[in-house]
Amino acid sequence: MKKYISRFHYLTQDVPGFSHLELATAACEAGAKWIQYRSKNKTDKTAWLEEAAGLEAICDDWGTTLIICSSVEICLELAEAQGVHLERGDMPVKEARRLLGDDKTIGGSAHTLEDILAAHDAGADYVGLGPHKPTQTIRHSNDFLGAADYLRIAEELQKRNVDIPVIAAGGIKIGDVDGLMKTGIAGVAVSSAVNLSENPGAAYREFYKKLS
């Protein structure tokens, strides 16, 4: 089943000064079609679920796709959440597919061509490939992937007739977008470049214009 995968994956995050709901609202007002709820500071499931439900209501009002990061359990609790994104160390994609069924969107995280092929074979609908640069949200130990790496991987997938959207991720700034999109990838994922700006709505709008 071919599912909608946006060119612009916007991720909320735990930042001082803005709640996840405020960040999501600003993004929706700026035109967001895809929001990934990513909170790594929540230890209480009830608080996590309440916040996710708040994002669900916002995204439902705006007709925006909501993806839950790392928690199949939270996704199952929310009728209007469209799916999950699974990072390395989370539940395996194959198990998530078994629990969520075919209708939900499942994304996986990858650093290599082999990671992408494994995610594809397990039933992922898309992969986030990175990191492109140092990131505020994850301390990566992997080597960074430049535009040449994305191009090489995109070409190899094409040679193998593997059809899975690849989303560049990790430390991406507005000046990186044009070069990355020329490599043949399907889109980019952005968090800190929007969330750590003085005006997240305006920062989101810049990326939105680039990717529309």
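Yeah, the Cβs are placed from backbone N, Cα and C, and that goes for glycine too.
DSSP gives Ser109 (4-amino-2-methyl-5-(diphosphooxymethyl)pyrimidine binding site) a strand state. Per TrEMBL, 4-amino-2-methyl-5-(diphosphooxymethyl)pyrimidine binding site is recorded for Gln36, Tyr37, Arg38, Ser39, Lys40, Ser109.
Annotated Mg(2+) binding site per TrEMBL: Asp90, in sequence order. For Asp90 (Mg(2+) binding site), the same-chain residues lying six or more positions away in sequence with a CB closer than 8 A to its CB are Ser70. DSSP assigns Asp90 (Mg(2+) binding site) to coil in the three-state reduction, placing it in neither a helix nor a strand.
Residues annotated as domain 'Thiamine phosphate synthase/TenI' in TrEMBL: 19-194.
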- prompt: If you draw a 10 Å sphere on the Cβ of Arg38 (4-amino-2-methyl-5-(diphosphooxymethyl)pyrimidine binding site), how many other Cβ atoms land inside?
  reply: 20
Field: Residue among binding-site residues Gln36, Ser39, Ser109 with least C-beta crowding, 10 angstrom cut-off
entry: Ser39
Message: I want to check the contact list for Tyr37 (4-amino-2-methyl-5-(diphosphooxymethyl)pyrimidine binding site): same chain, sequence separation of six or more, C-beta distance under 8 angstroms. What comes out?
response: Thr12, His20, Ala24, Glu51, Ala52, Leu55, Leu66, Ile67, Ile68, Cys69
